[in-house]
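Presented below is the structure to which this report refers.
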Amino acid sequence: MPSPFNVTEFIFLGFSSSQQVQRVCFVIFLLVYAAIVLGNFLLILTVLSSASLGSPMYFFLSCLSLVEICYSSTTVPKLISDLLAERKSISVGGCMAQLFLMHFFGGIEIFLLTVMAYDRYVAICKPLHYTTIMNRQVCAVLVGTASAGGFVHSIAQSLLIFQLPFCGPNVIDHYFCDVLPLLKLACSDTFLIGLLIVANGGTLSVVSFVVLLASYVVILLHLRTRSSEGRRKALSTCASHVTVVTLFFIPCVFIYLRPSATLPVDKLVAVFYTVITPLLNPVIYSLRNAEVKKAVKNLWIRTVKLARDRG
């Protein structure tokens, strides 16, 4: 079967053609990516090393941090290297791999956030049965299901793009390979495929977002019967989840729930769910959670003490 790709590479336009702007962006994104990796890795290490963070909520949080590192790593390192390159190119194979991995980890994040909302619902609305319902086997199954859901979502998006013929031009007005910019370059009618992509990516984002908001509404209604201290603690945890969910889903809905057309603002909007959200996740969950802050402090004290003993 002949390959539908008559081009061997794609060229990114990036954010700006100005060398000065690119150098400034290089420093900013390099620092941000380092903060994403270090912040999320610290959160994972804190959860794994702290006995007080053994509940399912923190297990899911560590899984989310791992996904955030992988998710941002599919686009940000390439963006950083391209900011110093005169020619911002990517091979067709690399483009398809980037497309698949971005939607794979993005899909996992969507399902994992839904799992975390379910965990909070059980913990707040059915506290006496929480340890029974959310046992280790159930948690492992939920994470595995989220991974399988991300794979199905990603493979569907990738197959829709992979069957399109690309015979030129090969310039992508973006900083990474995504479905809508690639649809614009296809030399065939993409109307039906565009609808299928919207049905897959856009509908998944909207349905998940609505389900998440509905679950938190149920939780808030249930909290009316709690004591003021219990209500305050539960609201603090739920507020962190709602903040992360909003920062991730609103840009996704804007990008993927519309006809197959690209807008100049798309690149800036994409920064929110590919860079800003992975950066803010550990900050939001750490600063708004006393147990995490205490565990981070204890981990730091143990690390300093170990370093002194070795020295």
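Every residue number used here counts from 1 along the chain in the order it is shown.
Even glycines carry a Cβ here, placed using N, Cα and C.
Because TrEMBL annotations are produced automatically, they should be read as predictions rather than curated entries.
Some features that TrEMBL has for this protein:
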type: TRANSMEM; residues: 20-45; note: transmembrane segment
type: DOMAIN; residues: 39-285; note: domain 'G-protein coupled receptors family 1 profile'
type: TRANSMEM; residues: 96-118; note: transmembrane segment
type: TRANSMEM; residues: 138-156; note: transmembrane segment
type: TRANSMEM; residues: 191-222; note: transmembrane segment
type: TRANSMEM; residues: 234-256; note: transmembrane segment
type: TRANSMEM; residues: 268-287; note: transmembrane segment
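Only pairs six or more apart in sequence are counted, and the transmembrane segment (268-287) with the transmembrane segment (191-222) gives fewer than three Cβ pairs under 8 Å, not enough to call it a contact. Of the two recorded stretches, the transmembrane segment (96-118) does not lie close to the transmembrane segment (20-45), with fewer than three CB pairs under 8 Å once pairs fewer than 6 apart in sequence are set aside. Tertiary neighbourhood of the transmembrane segment (234-256): same-chain residues 57, 106, 109-110, 113, 116-117, 120, 124, 178-180, 197-198, 201-202, 205-206, 208-209, 212-213, 216, 219-220, 223, 226, 266, 269-270, 272-273, 276-277, 280-281, 284-285, 288-289, selected by CB-CB distance under 8 Å and a gap of 6+ residues from either end. If you average pLDDT over the domain 'G-protein coupled receptors family 1 profile' (39-285) in this model, you get 87.
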